[in-house]
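**Student:** Can you keep this structure in mind? I'll have questions shortly.
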Amino acid sequence: MSGLRGARTCPGPGEASDLKSPLGAKFREPLTETRFQQLFGDAEQEPELLAEPRWSRLWRRRARACSGPGAWRLLLARLPPLRWLPHYRWRAWLLGDAVAGLTVGIVHVPQGMAFALLTSVPPVFGLYTSFFPVLIYTLLGTGRHLSTGTFAVLSLMTGSAVERLVPEPLSGNLSAVEREQLDAQRVGAAAAVAFGSGALMLGMFALQLGVLATFLSEPVVKALTSGAALHVLVSQLPSLLGVPLPRQIGCFALFKTLAAVLTALPRSSPAELTISALSLALLVPVKELNARFRDRLPTPIPGEVAMVLLASVLCYASSLDTRYNVQIVGLLPRGFPQPLLPSLAELPRILADSLPMALVTFAVSASLASIYADKYSYTIDSNQELLAHGVSNLVSSLFSCFPNSATLATTSLLVDAGGNTQLAGLFSCVVVLSVLLWLGPLFHYLPKAVLACINISSMRQMFFQMRELPQLWRISRVDFAVWTVTWVAVVALRVDLGLAVGVLFSLMTVVCRTQRVQCLALGLAEGTELYRPLRESRKLLQVPGLCILSYPAPLYFGTRGQFRRILEWHLGLGEGGKEAPKTDGPPGAVAEPVRVAVLDCSGVTFADAAGAREVVQLASRCRDAGIHLLLAQCNASVRGTLTQAGLLDRVTPEQLFVSVQDAAAHALERLELSGPKTCTVWV
């Protein structure tokens, strides 16, 4: 090994070193962390930064924000239209935004009323929820292609909370006045849930917790929406069949509803069953045509609007509501409700419901915004999205709206119709506003069975997410397991409990994968400076007496035991003293006692107190066993944790190196394989 490529004699005491010209130098001495900081670190400013208290730095940052330019930057960050509106391409984008906004607004009308039934409130409150949140997000949101409003999953979760907070009397036969009072109480409960959800999101924004969206992985979100779609389908069966059944809540509600529907099937209404069959026969093919010919159609076919108008006309002309007792929407009050603060006494009871709704709102909205931001090459601010949806839910709750978020169906519709910016939301609001002010009486005779069919047909995209499972199985079995566990939990339990199970299981898979990590012994590829795992090739060189190990996992309390066992196995450190070390080389290779060990810490992203103490104990055991331990490529966080744990009491700063190559070169010197005054470096 003395003829190792790149070796030369180190400069003597009177010779000039070429370390000051690293770009033009071909050879250098191995660099420790201390030497690297002396040569390339900012030694003068770093002590000053460390000496300055944290509160002082925060104060200076706040003082800059309170200045004139700082206040303008803050205003630009919190009101996105001030950034994109001056650069708006009026000729190129206005027509697309207008067409897309009007198209989405037309869909918002029947869909909002339909999702209001899921929430257990009168249909008009779905129109309110399709107006106020859209208007607020247009002013505060950063997703240019995002469409907000009523969302089936949130409506289902809100409906379960409302039914639990304000249950329907067991008698079931309510007078008009009693029904009106019950609806008012349920509207107040739904608004209180929206208020609590918005307040929680604003709290998350104040704490800058936009990063929490990363804990809701894509398999969890897709399984959640797919499982909730099945809940929506089953919950709409009584309306499809014309069977008045109390809504089931709690765990196993889906199966309870199915059992109740099967029991009440002989009492189904032939008229409403016929309306449901004809509605689905129109809506499902139109959905398929829109999906199959989305690139050829100038705008999607408004099947929902056609179905709503056709059903209203037929019901009015045939007097289905009086002759066959078909349930209709009834009178839609004109205008807006007066602002009313939700009952604060209800907040402690609804916080347990508001938290999962806030997480679902942010997760679905942030993931949808990110998908289209990546597709159209712009960026979103996750914390600003928290602010936008928090204000949207909080303010709209004052106008008796229920929880809202971005929606999959209308966002896809907005993009397909040619939407370019948030300005499309204003055109959508114009359509809903016209219905609230003038066109509401046209929907008086709309059968509720048609709204149930709209709910079911709008779940098409969520159901079809199951087609991705074979591909997910091929890509990652772990993600497939996360999807399956989440879906089963959502279907069998409740949507919020299924979300909790999915998140916990997803995090547990991450923890379990850190437990199963393999520590790799590295060898040198001859003629290069590359160190690769020995098991990858038998042509890699393994220097006798030198053990180079790479540990590619965080070092914390959950992995400290595994870390200890792996290092003992490789270095031959047993309970009763030094044992024969193991080797990853050829089966017949004879392992020699380890004299120098190099631990590559580039894969150790962080270390806690327990993990740091384990490294310190390893250093002590190596010193007692006569093994010279070298640590390579520790990041600043890990290095600081190890130092605070007392590592430098066991090793010297000269045993911490900037790279595996530098540590290996020093190890070769110590093993006297490259001469007493040579150092190994690479071009």
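The backbone N, Cα and C atoms fix where each Cβ goes, glycine too.
Take a look at what TrEMBL says about it:
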| type | residues | note |
| --- | --- | --- |
| DOMAIN | 536-667 | domain 'STAS' |
| REGION | 1-22 | region 'Disordered' |
| TRANSMEM | 90-109 | transmembrane segment |
| TRANSMEM | 116-140 | transmembrane segment |
| TRANSMEM | 187-211 | transmembrane segment |
| TRANSMEM | 354-373 | transmembrane segment |
| TRANSMEM | 421-439 | transmembrane segment |
| TRANSMEM | 480-508 | transmembrane segment |
**Student:** DSSP says what for the domain 'STAS' (536-667): how many helix, strand, coil residues?
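**Tutor:** Tallied per class, the domain 'STAS' (536-667) gives 52 helix, 24 strand, 56 coil.
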**Student:** Looking only at the domain 'STAS' (536-667), what is the model's average confidence as pLDDT?
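**Tutor:** PLDDT averaged over the stretch: 84.
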**Student:** Hey, which bits of the same chain come close to the transmembrane segment (421-439), Cβ under 8 Å, at least six residues off its ends?
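**Tutor:** Contacts of the transmembrane segment (421-439) (Cβ under 8 Å, skipping residues fewer than 6 from its ends): 80-81, 84, 88, 93-94, 96-98, 100-102, 104-106, 108-109, 112, 124, 127-128, 130-131, 134-135, 137-138, 141, 143-144, 146-148, 332, 334-336, 414.
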**Student:** For the transmembrane segment (187-211), give me same-chain residues lying six or more residues beyond its boundaries with a C-beta closer than 8 angstroms to one of its C-beta atoms, as numbers and ranges.
**Tutor:** 119-122, 125, 158, 161-162, 165-166, 340, 342-343, 346-347, 350-351, 353-355, 357-358, 361-362, 366, 381-383, 385-387, 389-398, 400-404
